[in-house]
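Peer 1: I'd like to ask some things about the structure below.
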Amino acid sequence: MSGTRASNDRPPSAGGVKRGRLQHEAATTGSRVTVVLGAQWGDEGKGKVVDLLATDADVVSRCQGGNNAGHTVVVDGKEYDFHLLPSGIINPKAVSFIGNGVVVHLPGLFEEAEKNEKKGLKDWEKRLVISDRAHLVFDFHQAVDGLQEVQRQAQEGKNIGTTRKGIGPAYSSKAARTGLRICDLLSDFDEFSSRFKNLARQHQSMFPSLEVDVEGQLKRLKGFAERIRPMVRDGVYFMYEALHGPPKKILVEGANAALLDIDFGTYPFVTSSNCTVGGVCTGLGIPPQNIGEVYGVVKAYTTRVGIGAFPTEQINEIGDLLQSRGHEWGVTTGRKRRCGWLDLMILRYAHMVNGFTALALTKLDILDALDEIKVGVAYKLGGKRIPYFPANQEILQKVEVEYETLPGWKADTTGARKWEDLPPQAQSYIRFVENHVGVAVKWVGVGKSRDSMIQLF
């Protein structure tokens, strides 16, 4: 037996500690993040839910997207609009973190901050941390975004309906491994300048009409570099410290929504990032075991901006009523949102992908004026129910929606502050959603302000 080890022997663990205990500790130590995600096509009211949870959070994070997102938060009668900044930046006690999965347009970041400063936002620079691995969006990315939309319209007679914020082109540069990151900007500026010029030339070769003021943009970027330098950290280490140091409440604010996810959304009419729960891990550099609560935010009806399949859309007086009562214009684009009945197939699909632990049902008050309310409960193809959400857009356009009709409540719910204040028919509507999706509703929104979110448990 000399020089050999019996088959049931194991090499000693470091320090003689039993391997099983190490594995257990590795799997269970650390805080867990609370995630807020959109469950439809965006504009569900995620910012309001985040604002509610951010009041006692220590860290509020963004993990994907860019300034194509739009979150509105009302505090003390003041309406703040956020696109790139986490809406938790309002909390003076919390650190706001922009993770590596976010693409950052620096001029847009400072413009957004300055607009909100005029409304009362203070000392945001002291509370903002930006991952050094986050990719940059340049002005020419935004110009290319617009040129691509024009091309698509000319070639196919339709466009994707992007926000023209350069998000898709920036993620394309990232995937092509030609993109530039925050850490590159803060390192050797001569090297950064060389790579920036090459990237600009690449885009000009693809789009001959593209004009790029290379020297002007580099001058601006050099100025921005010094402004953001104090905010930049190694993002992975920052999150590791937050998770494994003294216990902290960490909140993740998802941008966009499940049906806009690059993989699971209604492709190609989607955004360019993963806005489902998997994007939290890749966009912040954290392991799955540190995901805790996952809250899905759902509007009490359905809206969508731009083109693409929308099975429950109401192109009639119902759609017009929802649009006008709900003030359905995009925060980022100002575009009118398409409106329709609540679609439970979408919610069940979003739950399959995200594993929601609870839902927030927002804008219930918009339904106050309706005599009856329809809810899409199933899709049919060829007269037969299908148990899945179709990936193919042409098929999704053809589905027949099976509806159930519920009685309206014809009463003002905006003053409700607890479950008992809601009309019985409104309570039945909420329970109907819970039963069909299989997830409990934790909050019900009946207005814009922070105190108009009714907590059920």
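Cβ coordinates are placed from backbone N, Cα and C, and glycine is handled just like the others.
Annotation comment: Swiss-Prot describes Asp43 as active site, proton acceptor, evidence class sequence analysis. Taken from Swiss-Prot, the feature active site, proton donor covers His71, and the record attributes it to sequence analysis. Per Swiss-Prot, GTP binding site is recorded for 42-48, 70-72, Arg337, 363-365, 445-448. Annotation comment: Swiss-Prot describes Asp43, Gly70 as Mg(2+) binding site, evidence class sequence analysis. Annotated substrate binding site per Swiss-Prot: Asp43, Val331, Thr332, Thr333, Gly334, Arg335, Lys336, Arg337, in sequence order. Taken from Swiss-Prot, the feature IMP binding site applies to Asp43, Glu44, Gly45, Lys46, Asn68, Ala69, Gly70, His71, Thr163, Arg177, Asn256, Thr271, Arg335, supported by sequence analysis. Residues or ranges marked as region 'Disordered' in Swiss-Prot: 1-25.
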Peer 1: Which Cβ among the binding-site residues (Asn68, Thr72, Thr163, Asn256) has the fewest C-beta neighbours inside 10 Å?
Peer 2: Thr72
Peer 1: Would you count the other C-beta atoms found within 10 angstroms of the C-beta of Leu364 (GTP binding site) for me?
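Peer 2: A count of 25.
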Peer 1: If you count the other Cβ atoms within 10 Å of each Cβ, which of the binding-site residues Gly45, Gly70, Gly334 comes out on top?
Peer 2: Gly45
Peer 1: How long is the line from the C-alpha of Thr163 (IMP binding site) to the C-alpha of Gly45 (GTP binding site), rounded to the nearest angstrom?
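Peer 2: Here the two Cα atoms are 19 Å apart.
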Peer 1: Report, in whole Å, the straight Cα-to-Cα distance of Gly334 (substrate binding site) from Gly70 (Mg(2+) binding site).
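Peer 2: With distance taken Cα to Cα, Gly334 (substrate binding site) is 10 Å from Gly70 (Mg(2+) binding site).
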Peer 1: Write down the Cα-Cα distance for Lys336 (substrate binding site) and Thr72 (GTP binding site), rounded and given in Å.
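Peer 2: So the Cα of Lys336 (substrate binding site) lies 16 Å away from that of Thr72 (GTP binding site).
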Peer 1: Out of His71, Arg335, Arg337, which has the highest number of nearby Cβ atoms, where nearby means within 10 Å of its Cβ, if these are the recorded positions?
Peer 2: His71
Peer 1: Using C-alpha atoms, which one of the binding-site residues Asn68, Gly334, Arg335, Lys336 comes nearest to Leu364 (GTP binding site)?
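Peer 2: Its closest listed neighbour, by Cα, is Lys336.
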Peer 1: Given the recorded positions Asn68, His71, Gly334, Lys336, Arg337, state which is nearest to Lys48 (GTP binding site) when distance is taken between Cα atoms.
Peer 2: His71
Peer 1: As a test of the contact definition, list every same-chain residue at least 6 positions from Lys336 (substrate binding site) whose Cβ is closer than 8 Å to its Cβ.
Peer 2: Gln323, Glu328, Trp329
Peer 1: Going by C-alpha positions, which of the binding-site residues (Asn68, Asn256, Gly334, Arg335, Arg337) is nearest Gly42 (GTP binding site)?
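Peer 2: Nearest by Cα distance to Gly42 (GTP binding site): Asn256.
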Peer 1: Check Lys336 (substrate binding site) against DSSP and tell me helix, strand or coil, would you?
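Peer 2: The residue in question, Lys336 (substrate binding site), is strand (DSSP, three-state).
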